Amino acid sequence: MAREFSLENTRNIGIMAHIDAGKTTTTERILFYTGRVHKIGETHEGSATMDWMEQEQERGITITSAATTAQWKGHRINIIDTPGHVDFTVEVERSLRVLDGAITVLDAQSGVEPQTETVWRQATTYGVPRIVFVNKMDKIGADFLYAVKTLHDRLQANAYPVQLPIGAEDQFTGIIDLVEMCAYHYHDDLGKNIERIEIPEDYRDLAEEYHGKLIEAVAELDEELMMKYLEGEEITKEELKAAIRKATINVEFYPVFCGSAFKNKGVQLLLDGVVDYLPSPLDIPAIRGIIPDTEEEVAREARDDAPFSALAFKIMTDPYVGKLTFFRVYSGTLDSGSYVMNSTKRKRERIGRLLQMHANHRQEISTVYAGDIAAAVGLKETTTGDTLCDEKNLVILESMQFPEPVISVAIEPKSKADQDKMGQALQKLQEEDPTFRAHTDPETGQTIISGMGELHLDIIVDRMRREFKVEANVGAPQVAYRETFRQSAQVEGKFIRQSGGRGQYGHVWIEFTPNERGKGFEFENAIVGGVVPKEYVPAVQAGLEEAMQNGVLAGYPVVDIKAKLFDGSYHDVDSSEMAFKIAASMALKNAAAKCEPVLLEPIMKVEVVIPEEYLGDIMGDITSRRGRVEGMEARGNAQVVRAMVPMAEMFGYATSLRSNTQGRGTFSMVFDHYEEVPKNIADEIIKKNKGE
């Protein structure tokens, strides 16, 4: 099957936003207008096409990023709908990694919200060009220019309107195009009857003003345009469009569109914007990777005749076809039934079937081409972040970094039958979601699951029940504390056993020093003259890493320390890797007395939005939770309080906020950093853990 759409006419985009800004509804409308869906699905009715997991339809939020493909004006647009809830940040992170551009959806009343800041930061990290869609223009309190201002104030983004709304709230009837300098009027609620008209007289001056501002903003980024502008020459529509496209692709400029997806207004013009301003796979730099054996850096051009390379960005278990691996093809082509190399794991994999996904309905295809996003059936070894490539041209593309989980709960199967199925369910869920971990506590024998927040774990337990038919009891949440050292010290670890038969001998001197917060564990071998033979050094490092899993204070993992192996001794006959491993772990235990170990706890960045009259109560409540208020601002007639609060104090906060504000307050939180636990609280935690 030949290529249906050229690379120039392909767009790989994501739709990202704060929860409830209307991402899924926007995607639904895109699918409706591109002829993919015959009846529009509504999120609040639980029938949206992209929200295809049962839990999503019940909760009205998007959890997994469903990938779908649509066609518009001779272009193929591959869309990934990403969740806006902070607990699912990893889904956003992994879809951004494989996208070429994105639409950021804002709520016209709220503008930029906390989760918008998080996803915006992530998109900036990956250098993803964006256009902005100010949605919900029909909502009470909708204010387009306020929303644009929040882009400048909160994100320092060089964002300018390429459209203006005609009216707002229930008077929102049309849109002015500031590039073409014309207007569009909507005649009905399905938004299909759209008429191109002259700009209404009473909007003429405003349109001229913002047209001028747009040209000025774009000219600043384009020398040729700047010269014409300064010399007073007329800038044509084509020149303006080309300059906006160039600046957007260079991530220097963000065009802002407006509309109401729910009322079907502005979506077709937004699709035009995707085609006009977001990059094709050819417009962005070729992806770079490393040749495994030589560590040499290479580029993989987005061409069908280049060697095949792709990145697996999502694993899903499908009830009908089993394990689905979603991947983005960066170069070359791939046929179903062929073999590829998973260069990350050095395993050969056979591609069973290739599927193009449309939310949850699938179409089988025989070949995928450079720039495509598709799913494969039959990959056994591949997990999220792995590179798939041509067997003769190995390359490893940059993988993805995932945050460590910050919350854990113990779960117990309700019956013996559940116990057998639970292990399998947890394994499959871990394959799908790299921020979800499950392990058995060696001391209590309990199964502990860890994730990014309470909602994340709720949904995991829910999925176990529905998809894997596992009933489980869930314990109270536990915080992922860590331990670290405050002081430096030189410590000895000696393991000697010589009683009949072959003995054991391992002896090390290690200098422990505190490392910067967040830098993790660093090991240095400073042995001179072979007092500890080279072959035992890795055993010393492994012994330390193992011992660090159970800290000296309260059994929590030890982080952010440096260990320098500088002396020791060995025995020709009795020394072994095992002996040195044990000696190293003894050194770590001995360090407890000298290095002043302390407990660390996760601190969450919290943003609470409340009516002004509750401000005093909420501030008092945050302080009582050991929180530090970092700032406040008015947003419309509400107050926004930003604070840093220990995670341990945030359990059940949703309920308490509801009762404190008669249900009128909302909050969001995201993990920020680890900080030392105050001594009186640390003592209690240590006591509890030692069962005193």
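The backbone N, Cα and C atoms fix where each Cβ goes, glycine too.
Annotation comment: Swiss-Prot describes 8-282 as domain 'tr-type G'.
Residues or ranges marked as GTP binding site in Swiss-Prot (evidence: sequence analysis): 17-24, 81-85, 135-138. Within 10 Å of the Cβ of A17 (GTP binding site) there are 29 other Cβ atoms, across all protein chains. According to its DSSP assignment, A17 (GTP binding site) is in a strand.
Under the three-state DSSP scheme, M137 (GTP binding site) falls in the coil class. If you take the C-beta of M137 (GTP binding site) and look for same-chain residues 6 or more apart in sequence within under 8 angstroms, you find A108, F144, P165, A168, E169, F172, C258, G259, S260, K265, G266.
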